[in-house]
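Encoded as structure tokens, the structure appears first; notes follow it.
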Amino acid sequence: MTTNGADPLGRFSALTREWFTTAFAAPTPAQADAWSAISEGNNTLVIAPTGSGKTLAAFLWAIDRLADPAREPSQGTQVLYVSPLKALAVDVERNLRTPLTGITRVAERHGLPAPSITVGVRSGDTPPNQRRAMIANPPDVLITTPESLFLMLTSAARETLTSVRTVIVDEVHAVAATKRGAHLALSLERLDQLLDTPAQRIGLSATVRPPEEVARFLSGQAPTTIVCPPAAKTFDLSVQVPVPDMANLDNNSIWPDVEERIVDLVEAHNSSIVFANSRRLAERLTSRLNEIHAERSGIELPAGPNPEVGGGAPAHLMGSGQANGAPPLLARAHHGSVSKEQRAQVEDDLKSGRLRAVVATSSLELGIDMGAVDLVIQVEAPPSVASGLQRVGRAGHQVGEISQGVLFPKHRTDLIGCAVTVQRMQTGDIETLRVPANPLDVLAQHTVAVAALEPVDADAWFDAVRRSAPFATLPRSAFEATLDLLSGKYPSTEFAELRPRLVYDRDTGTLTARPGAQRLAVTSGGAIPDRGMFTVYLASETEKPSRVGELDEEMVYESRPGDVISLGATSWRITEITHDRVLVIPAPGQPARLPFWRGDSVGRPAELGAAVGAFTGELASLDRKAFDKRCQKMGFAGYATDNLHQLLREQREATGVVPSDTTFVVERFRDELGDWRVILHSPYGLRVHGPLALAVGRRLRERYGIDEKPTASDDGIIVRLPDSGDTPPGADLFVFDADEIEPIVTAEVGGSALFASRFRECAARALLLPRRHPGKRSPLWHQRQRAAQLLDIARKYPDFPIVLEAVRECLQDVYDVPALIELMHKIAQRRLRIVEVETATPSPFAASLLFGYVGAFMYEGDSPLAERRAAALALDTVLLSELLGRVELRELLDPAVVASTSAQLQHLTPERAARDAEGVADLLRLLGPLTEADIAQRCTADNIGAWLDGLHAAKRALPVTYAGQTWWAAVEDIGLLRDGIGVPVPVGVPAAFTESASDPLGDLIGRYARTRGPFTTEQTAARFGLGVRVASDVLSRMAVDGRLIRGEFAADLSGEQWCDAQVLKILRRRSLAALRAQVEPVSTDAYARFLPSWQHVGSTNTTGIDGLATVIEQLAGVPIPASAVESLVFPQRVRDYQPAMLDELLASGEVMWSGAGQIGNGDGWVAFHLADTAPLTLTHGAEIEFTDTHRVILETLGHGGAYFFRQLTDGTVEGTAGQELKQALWELIWAGWVTGDTFAPVRAVLSGPRRSGAPAHRQRQRPPRLSRYSVAHAQTRGTDPTVSGRWSALPAAEPDSTVRAHFQAELLLGRHGVLTKGAVGAEGVPGGFATLYKVLSTFEDAGRCQRGYFVESLGGAQFAVASTVDRLRSYLDNVDPERPEYHAVVLAATDPANPYGAALGWPTDSEAHRPGRKAGALVALVDGRLVWFLERGGRSLLSFGADADAQRAAAGALTDLVSAGRIPSLLVERINGVAVLDPDVDAERAVVQDALLGAGLSRTPRGLRLR
């Protein structure tokens, strides 16, 4: 090796130099500087942006050393590469092949010995046999993860690491500031203890600040060379808004426009990554992008699965390239819930060009090579500047390429976050990174691990621990306290249940493991916390609780019984919280908290918050020209600049000042219930606002006696205060002495939800909550329960190490208390001012803070109409307009409420009518002048004239003329009428009533507005004889004063309307009450009315062959008795049904039928299928006792095509009689193996064996031998209708259970409308409701359906499409308003339109035999209620206690079927188990008999008969 300081490659061997110069033009600056430091043996931190060759910079020197022919053979690993991501580890292993293969080829070209360098990967995905192989034959280069390194160091595998010379830590910035990083730091120190000489450490990092902190993390106390060449990375960033006004949207949502624009961008580029900040948003975006792309391309989206998602989702939502036959699609999803295999497939598809786009969360943020990505799209501001750089850096990943990124804000205030992120990305001004200090739980875990294999000297271990950066300042007292914890020296006997893991001999200072310590460390080790969900169940006193959904652990800790939460489309009130579940009851229409899933997100850092505030303050001070120029520099495109300018202008108009880094705003306003909302507007982020909210909560309790939990977010704090009549607090609520704030927060955090969840994680990390079964995760509920029990004890001992650690984690890692203290200092020093304002409605920034309450509107249409309207009315409409665009109240207000309220205000209701002269006087005083006709409408008597004469004589009411009419006016109004509209004062009016008012016309119009519902300018002008312009000016002035509201309120009025502010509140409150009644679950009777109609029963619109095809599509795959198909099921749905229609569909190949089991000798179960989707609705053929005849028939049909029965005799069994062959064929038909191209054979079987020659079930003789040649003589005699037509093999059922489950979920949603556990059970779906629940939950995430409590008594896990729920609720009243009489329908008991015995249980009040969904049985429903159940032929009838009118309606419907020939005859022999002829007739049976006799049945010796 030659050394040349001027040449970066001069230190490498000739082989390596030749390969590099052949493959690359020149080293990058990062590579050149790194090789200089690494070749000197220095610990080195290489900081460079994505695409600068960092990985090769770290590896090439080590590879060159390994390729040296003179090196001594080693029995262990020499290069250890540690990656925070398993996927990144695999990616690096793949990329290492290039230099290894290249150097080998160069050696071979020169005739030199080829270097033999082995590479291995060990992670959680590595099979045990490969792990054992690596222990036996360690690779030269081992690629692993922090967790796998820990396991190797705590097992015999550590011996393979004793020869390590180089450790490379990739993406070091991703772990340095976390406990996972602290865990890795101790692992590296433990590794050094195994080595003769500490290994050289090389860290690879994206841009970080400060570099010295990451270098300290990497090497601890050892010196480190920092390689950080000037960043040559160029970013092309833009912020785009696709609409001109984000506050006035055509679709009430910005998402449709954003989605269309994203598709434009993706289609204009070769390869794109779309980043979203949540998994649910990623799923929905993927769905919509594919749908839009398909619509543009004219592609029909098929149903298929998304196998990479747990439970899956339709292929057209997020399938890749060719997914189960689906056409090429635009995007697939990539996030933590996607399986590792499918994530790899998505990555490979994008790299290879088979996929145009991936929609991802942070799962693609780190350095995985995604190939030639040329565009990154970020939806809403990224979580941090560093995250933004990482994400956009995915585009133009190669050296020297430009990274192009487009950001789409989700609402107006998100524009500010996007702008500041872009600004700081351009300057590289990222957030400060801080290494955690002294995490005692990590220390405890490693202490058990290090002592597990051999005794350890405590002093030596303490020194090793302190060499790592996270523990550099660890006090000996904390170390000893941790050893006490692990060795069983507890502060109280209450901790006796904690099992000591070590023996600590304080005399010798030796730590020795107790039995099981090593197993505990390897089965429960690691720093990544187990975080999970609480299951939510519907509480029931009588039934087993049914599942509703899931909630985030921290949200549960923040909730209490009585709180109302939102899950799916329904609000639920919490009744109980246990260790593993949350019990709820429906709270229809109540304002609810939306669930959150925080995970590891801790909010905006304080320094980024200061930048946001400074930016906002700066922009607010600029004139428009300077403003535009400033925005242009930040890449604002489209309508982004106008929207941001409008937002800041409106905020300044609302509060007088825009919140900034030096100005906080405390805004107060009343909500819809009259309570106060007090909002602190501050940009400093959740890490500052979270601890401040704790202190504010304490102040509310101590000073005001209010137990209210303020809500903190990145942009401020929201406090809700009940109206007590006093002035609500202002800035004083949020200002604390700088010296007292930390003790207050420290005291309060111990009782917070955050502390409870972090304590559990710390206790588990410290091995205090070991897994009961090695290799398996403990159920989280069990871990929570044990953690809660431990916390109950530990709270009493503040010095308990895990209590200290949980508090430290909350105060240092999650919260930023120092930044909060600094803010309090600034306030005290007047460097930060607080402005108090009181507003009538929320300011734009306040609207954004309250955004969580209306988040559901962002995907409008996801929820049923009543839920959307109720939620909207529960909010301030100005808030809705600010966030979502103009929302007209006419879309929300109930027209019936508007009409009834207007009638009340106008005294047009009976209870408000005038009953005497005094009542008339009150009318005139309250409503103003009225004509005599007006008064007559408002009186209960006819002697109005006498009453008016009396009032006139007493000079209490006077006739006046204006607007072309004569009016009666109260004498008190004469002055107003004179001064307001020029009415002359009648003679004799006392002077006291003619005094002038300050605003006479305003008073007149104000009263007019207060006494009616919405009205127009024209109506006002006509009422008072004014010009329209004059009326408009007065109304506008009153609106400015807040007395009137301008908008569109009533559907029967056109154009601009007005409404008194207080009247509008009444209308909203009453409409909300009405809507909440609608939001309540419908009764089971309503569902039973809905389902037949949903399935077209009784429809007059379903006709002809197309109508029949529609019906079959809905009923696809469901078994129905053949006897009911053409007598009841099809004719009741298709108005003009004829058997020829079905035969035509079968003959054309559009539809096919299959058998699903024989019923006796003359009936069987059949199902119908659309040919295109038949494999998804067919079941696998049933197992029968196959004979040679069966096999030959199947073999013949298996060749393809269709065969007449006569043709089937060829190749069958020699000597087989026609009857025997027919018998075998029908057995295959009923078993679901064979089908025909006509339904005629089934009809023939139904008509009976004597006429059709259909096979009877009998014992078969042993079949004769199989013949290999044609046996043409085996023929049937004549033409047998039971085997007419052509026969073919049914296509194979789709073997993939996931594919079937997804299609089945879609199919059952379409069949049942509201899908419940009972409905799925009745269908006999493989895997039952549990299987479909996973699929339906994924549909919900993708916006394909809603989960809610739509039908009472059917459990909380009900799924439906929003529009279906709207239709269901139209059956709330006694259904059909055009058919007020009883509506009866008789169905086959097996008909899918019969909800009883499926979604609904059978009534239990019958003392006779139990009803069931049996072939031949009938049910009679009257307005959805089950009235009768009749066994086949009607011989036994069960009645369920309906009134006489309902019984008569049922009897009429039943006899109509007999008359129409749908059922052949009717003979009722028993009613409720008692013979009809029994003379002892009770009241109920008498009602039934009367109904039947009245419908035309006659008494016979056997019973009641109708022919």
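Heads up, the Cβ atoms here are built off N, Cα and C, so glycines get one too.
Some features that Swiss-Prot has for this protein:
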- R122, R131, T145, S148, M152, S253, W255, R279, K410, 518-519, I528, W597, D600, R777: ssDNA binding site (BINDING)
- 35-226: domain 'Helicase ATP-binding' (DOMAIN)
- 257-451: domain 'Helicase C-terminal' (DOMAIN)
- 857-1507: region 'CTD' (REGION)
- 170-173: motif 'DEAH box' (MOTIF)
- R280: site 'Forms salt bridge clamp with E-550' (SITE)
- I528: site 'Wedges between bases of the loading strand' (SITE)
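The average pLDDT for the region 'CTD' (857-1507) in the predicted structure is 84. With a threshold of 8 Å between CB atoms, the same-chain residues lying at least 6 positions outside the motif 'DEAH box' (170-173) that come near it are 45, 55, 58, 81-85, 88, 92, 181, 203-206, 208, 214, 217-218, 366-367, 386, 433. Note on the recorded positions R122, R280, K410, R519: the fewest other CB atoms within 10 A surround the CB of R519. The two recorded residues R122 (ssDNA binding site) and I528 (site 'Wedges between bases of the loading strand') have their Cα atoms spaced 18 Å from each other. A gap of 31 Å separates the Cα atoms of I528 (site 'Wedges between bases of the loading strand') and K410 (ssDNA binding site).
The recorded positions M152, I528 differ in how many other CB atoms lie within 10 Å of their CB, and the one with the most is M152. Geometry remark: T145 (ssDNA binding site) versus R280 (site 'Forms salt bridge clamp with E-550'), CA distance 28 Å.
Neighbour count (other Cβ atoms within 10 Å of the Cβ, all protein chains): 19 for W255 (ssDNA binding site). Annotated pair K410 (ssDNA binding site) and R280 (site 'Forms salt bridge clamp with E-550'), C-alpha to C-alpha distance, rounded: 15 Å. DSSP classifies R122 (ssDNA binding site) as strand under the three-state reduction. Taking only the Cα positions, the spacing between R280 (site 'Forms salt bridge clamp with E-550') and W255 (ssDNA binding site) is 14 angstrom.
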